[in-house]
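Chemist: My questions will all concern the structure given below.
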């Protein structure tokens with residue numbers, strides 16, 4: 001019997017109404033695997049040139065996360081010189097990881113969500129997506145909290161009474177003025193989320209120039225007042241457990257943990273490249289350069305500020321707030337705060353939504369995913385895990401426990417096992433006709449390799465959470481979370497696939513066929529969508 005495509009019940013009409021928008025004359029349909037943000041990026045939306053990626057890293061590297069990471073290393077007992085050494089190593093690793101993880105975006109114009117399908121299986125791909133989305137919630141909350149502090153400083157400069165509000169929430173951890181400012185921040189944040197990723201170049205330029213001026217202004221203020229890099233550069237370090245090497249390794253891991261989610265999903269951005277290799281040189285140079293410059297400035301400013309205002313302030317917004325008091329509510333630095341607020345908005349409006357677009361493609365796109373994660377970021381209580389430097393470092397390293405093995409498995413599969421050759425159209429077919437269906441949509445090889453990569457670092461994390469003073473072999477391994485997780489999972493996946501080869505190796509192309517999802521009747525996506533929607537049956541059978 002032929003069934004009508006017209007929804008009948010009120011529920012069906014409502015579900016049809018809330019589906020994500022679709023392009024006119026599109027060659028795809030919104031279904032369980034496909035929507036406008038998940039298809040290989042069409043040529044008309046690929047607008048990022050070489051300079052675009054350099055500016056992108058001016059946003060991602062010249063940011064409060066980099067500034068705070070560099071400053072926070074001092075609280076772990078490293079000298080500024082040692083912290084800078086850790087920053088250089090961590091930033092260089094970040095640059096190489098960005099290039100490696102972004103390669104599939106350059107060649108096949110797909111993001112992390114779709115790439116997970118050929119590695120983890122069509123159904124198994126939900127696992128890395130959900131885990132990465134979970135970590136993104138905390139990053140979104142962290143950036144929003146900093147954005148709220150920025151807003152509080154701005155309002156406090158205009159309304160002195162607001163700056164001097166002493167009321168607290170959450171057991172005294174959260175100032176009421178910061179919470180109010182955070183809500184105001186979210187209002188602007190949600191409004192600016194409407195800018196699509198392919199049109200963010202001009203906002204990127206404006207924000208990078210403004211925050212670059214911020215860093216330069218803070219550096220000039222600090223060095224000119226102290227006439228040098230500050231007293232911390234003359235003090236001996238007191239690393240935890242007396243080991244400089246392990247303290248530096250923990251710092252390097254914290255840096256990789258900070259950008260681990262970004263490098264893992266770098267293809268979310270490189271798929272917008274207007275030609276091959278456009279992101280490569282920019283990422284190789286700009287990623288480490290911007291991170292190092294921003295973090296070093298953070299260390300110098302923190303060191304100088306200690307001598308000027310008499311306390312060690314590792315959060316720049318707290319420093320700016322202290323400067324308002326020190327200079328009797330002087331408005332200096334307010335333009336810097338506004339610039340960082342704009343940078344946080346630009347970055348989160350894209351990165352947060354990209355994680356959830358693939359969980360429910362029919363009803364969730366980048367914009368809606370960003371709205372949802374903004375709410376969840378607020379609910380994560382970021383003021384709790386940012387209450388002290390030690391907690392902040394533990395959180396950063398903890399993220400790497402799960403993200404590093406994902407990175408290792410993905411790189412091993414795409415670069416070593418498949419040698420960049422995939423059958424792209426099968427990443428959008430949710431039944432056993434897809435070579436990426438594996439066993440009921442799950443790829444056991446990826447799961448086993450990921451678990452092997454997680455195991456060595458998990459005991460150390462548990463011990464550290466239970467007793468921050470714990471120090472043994474497991475804890476030291478945890479200090480090397482990202483390196484251990486990445487290399488162990490990479491080797492494990494390659495070895496498993498050498499012994500038990502996954503199906504479909506060598507099938508496909510090492511580039512994006514531009515004819516995919518072009519307007520045509522009877523396309524693969526149309527057939528799959530029609531089966532799922534009109535027939536209401538499961539067309540899949542057991543696979544390999």
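Glycine is no exception: its Cβ is also placed from the backbone N, Cα and C atoms.
Just so you know, TrEMBL annotations are computer predictions that nobody has curated.
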Chemist: Looking at 1-24, 169-192, which one is transmembrane segment according to TrEMBL?
Modeler: 169-192
Chemist: With Cβ-Cβ distances below 8 Å as the criterion, list the same-chain residues six or more beyond the ends of the transmembrane segment (48-70) that contact it, or say none.
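Modeler: Residues 83-84, 87, 91, 142-143, 146, 198, 201, 204-205, 207-208, 211-212, 215, 254-255, 258-259, 262, 269-270, 272-275, 278-279, 281-283, 285-287, 289-291, 293-299, 314-317, 340, 343-344, 346-347, 392, 396 contact the transmembrane segment (48-70) from elsewhere in the chain.
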Chemist: Answer with yes or no whether the transmembrane segment (144-163) touches the transmembrane segment (369-386) by the criterion of at least three Cβ pairs under 8 A, sequence separation 6 or more.
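Modeler: Touching, yes - the transmembrane segment (369-386) and the transmembrane segment (144-163) meet the threshold of 3 or more Cβ pairs under 8 Å.
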Chemist: Considering only the recorded stretches 144-163, 169-192, 244-264, 437-458, state which has the highest number of Cβ pairs under 8 Å to the transmembrane segment (82-103).
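Modeler: Stretch with the highest Cβ contact count: 244-264.
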